[in-house]
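Below is one structure; the comments refer to it alone.
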Amino acid sequence: MKRCQRLGLVSLPSAYAGVRVTSVDWQRSRNGAAHHTQEYPCPELVVRRGQSFSLTLDLSGDLDSEETLIFTVETGPKASEALHTKAVFQTAELEVDDAWTAVKEAQTGNSMTISLASPPDAVIGRYLLSARASSRRKHSDRKLGEFVLLFNPWCPEDDVFLDSEEERQEYVLNDSGIIFRGVEKHIRAQGWNYGQFEEDILDICLSILDRSPSHQDDPATDVSHRHDPIYVTRIISAMVNSNNDRGVVQGQWQGKYGGGTSPLHWRGSVAILQKWFKGRYKPVKYGQCWVFAGVMCTVLRCLGIATRVVSNFNSAHDTDKNLSVDKYVDSFGRTLEDLTEDSMWNFHVWNESWFARQDLGPSYNGWQVLDATPQEESEGVFQCGPASVTAIREGDVHLAHDGPFVFAEVNADYITWLWNEDESRERVYSDTKKIGRCISTKAVGSDSRVDITGLYKYPEGSRKERQVYRKAVKKLFSVESWGRRTWIRRAGGRGLWRDDLLEPATKPSIAGKFKMLEPPVLGHDLQLALCLTNLTSRAQRVQVNLSGATILYTRRPVAEILHESHAVRLGPQEEKKIPIAISYSQYKEDLTEDKKILLAAMCLVSKGEKLLVEKDITLEDFITIKVLGPAVVGVAVAVEVMVVNPLLERVEDCVLMVEGSGLLQGQLSIDVPSLQPQEKALVQFNITPSKSGPRQLQVDLVSHHFPDIKGFVIVDVATAK
């Protein structure tokens, strides 16, 4: 209403017909190039906020010298100017930064080219555009059609502005990427097809916002908040999982995937999002952390927010919020599941998105942690973030949102307790600083791994790191000390004892570590040794209790595959190696798709000292992919894949599953001939690229005899001459 008064509109007699808009040219090619949106295949124009775009209107006649065109844009139900979901504005001489504007660029006869611009904090989403001549009735607007407005990382006034073209190309426009998995000592790259420019994906991403409980409860208010990346990303973090709503992906961490797809079988987000949409918003089974992160990256890049996938190795899940992962083990180092509520995952994957924190101040602008994996509730919903990475590094865990949980994921102390038969517990020496290692993401413009641990915390053990840790403890807890014990109380929560809150256990007089004697290869026997060293000048006796288990990547044991004891005498300063052999037959039946084994050695020294040595093993596999010739848009090119049967037995019914945005439509399935024990085979097939530039081709060898063997290659596709 205020806008109408400002324009000074005058009602005209109903008999006055006036000039009408008869047609519109949305100039998709010109606008798409200017707004970096030409890859979206949807029929509507897609543009970014805070930046002008052009339309050419055909009019039924000439406008009088004092006549203007009046435009209306509106989004969402019950659109209103009060909620900033509707704007009414007329052609003017100049653009205004904080309002919708229309400026006449040119006119030829009855054809007029208009430059429209939205404010840099406009609500994002699908808009209806209408227009009328100022001489026509107020309610005689001609509906010109719909367009989609996205966040704009190229606009300095937009909260999502990112001041690097290379990073914008990577974090907004790159439709494929790499997710790092494995274990700290053996990090492996997995390709992922984000596919944000694939058919229907933009519509699906907008519908995710519309399916949220916030929208269902109060649609008009929800839409009005969609100008704010803090609000939008938090909603998406809740909607990518299905725990509180009919979100996109249903999690499953039990190793049983009946009635759905194993998380490791997904090669990208497109099939998941399309299945959710076509299935009338029924959650897609199943996902784990990298699947949630891959899907969320697709959605946020699609909406225009620079986003990347981040992997944290040895990631803490601190359920009781005491900044400590307390693990209870028996005398063989086996985790006691019924006592251990906290956990340390081999790796955990989340997202970072880049935007300003208007709620916290400029010091906390930049990368923000978002996690769609449903681990703990936040404000009654399984959502996490945005949490400022800077706030995490500086220990400002009291700031919104979910700082304590993220801080613990990368900083919690890892405490091991031996649980005795009389239900007493004893502190066991182990590496307390193993949480939050090798925090990794894909490099800009290459497939390299970049270690970004320094963005999350100061060097482990440094004075600054300990200062930040103490700062976080003080912000989270009321701390009172009695001697070497500390009573900590979380605001509004129960109190608990935390022994030696900031001090490590006493170092024992022996040292130990596992050493692989041969690379651990899927289908082969494992050969390794436990190396024990006497750190004193006196002889010592050590009881070594060894255990081994196949595990999920969350380190949850599946089945025991090793259980043995050794009595060892160590002379002064002596080192001894205890050989360990685990045959393929021992782990074959119980190996999960994660291909992981956890070994533990509980070392009981003669003077009552206890040392726990652990090793996480990921079994290796092999696949190579070669593109046989130059790749050109519209021209078929051959691809050669070398596969290897990893087993010492003949296998049949193997299949190659192939996927790649811009390289082939959908997925390709290729039967592989039967393979003799450890046989290598070459498989060829053709692809016909449809888009130029670097494209990721994923090829997985799938068999019910062994876990999927995954590979990918980057194909540089040239434009046809």
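From the backbone N, Cα and C atoms, a Cβ is placed for every residue, glycine too.
Just so you know, TrEMBL annotations are computer predictions that nobody has curated.
Per TrEMBL, these features apply:
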ACT_SITE  CYS289  active site
ACT_SITE  HIS348  active site
ACT_SITE  ASP371  active site
BINDING   ASN411, ASP413, GLU460, GLU465  Ca(2+) binding site
DOMAIN    281-374  domain 'Transglutaminase-like'
Per DSSP, what is the residue tally for the domain 'Transglutaminase-like' (281-374) in helix, strand and coil?
18 helix, 40 strand, 36 coil
Identify all same-chain residues not among ASN411, ASP413, GLU460, GLU465 whose C-beta atom falls within 8 angstroms of the centroid of the Ca(2+) site's C-beta atoms; report them in sequence order.
LYS433, ILE435, GLY436, LYS457, GLY461, ARG466, TYR469
Among the recorded positions ASP371, ASP413, GLU460, GLU465, which residue has its Cβ surrounded by the fewest other Cβ atoms within 10 Å?
GLU460
Have a look at the recorded positions ASP371, ASN411, GLU460 and say which one has the shortest Cα distance to CYS289 (active site).
ASP371
Other C-beta atoms that fall within 10 angstroms of the C-beta of CYS289 (active site):
27
Tell me the Cβ neighbour count for ASN411 (Ca(2+) binding site), meaning other Cβ atoms within 10 Å of its Cβ, over all protein chains shown.
24
Which residues, sitting 6 or more apart from HIS348 (active site) on the same chain, put a CB under 8 Å from its CB?
CYS289, SER311, ASN312, SER315, HIS317, THR373, GLU409
The domain 'Transglutaminase-like' (281-374) [mean pLDDT, rounded to integer]:
95
What's the CA to CA span in angstrom from ASP371 (active site) over to GLU465 (Ca(2+) binding site)?
24
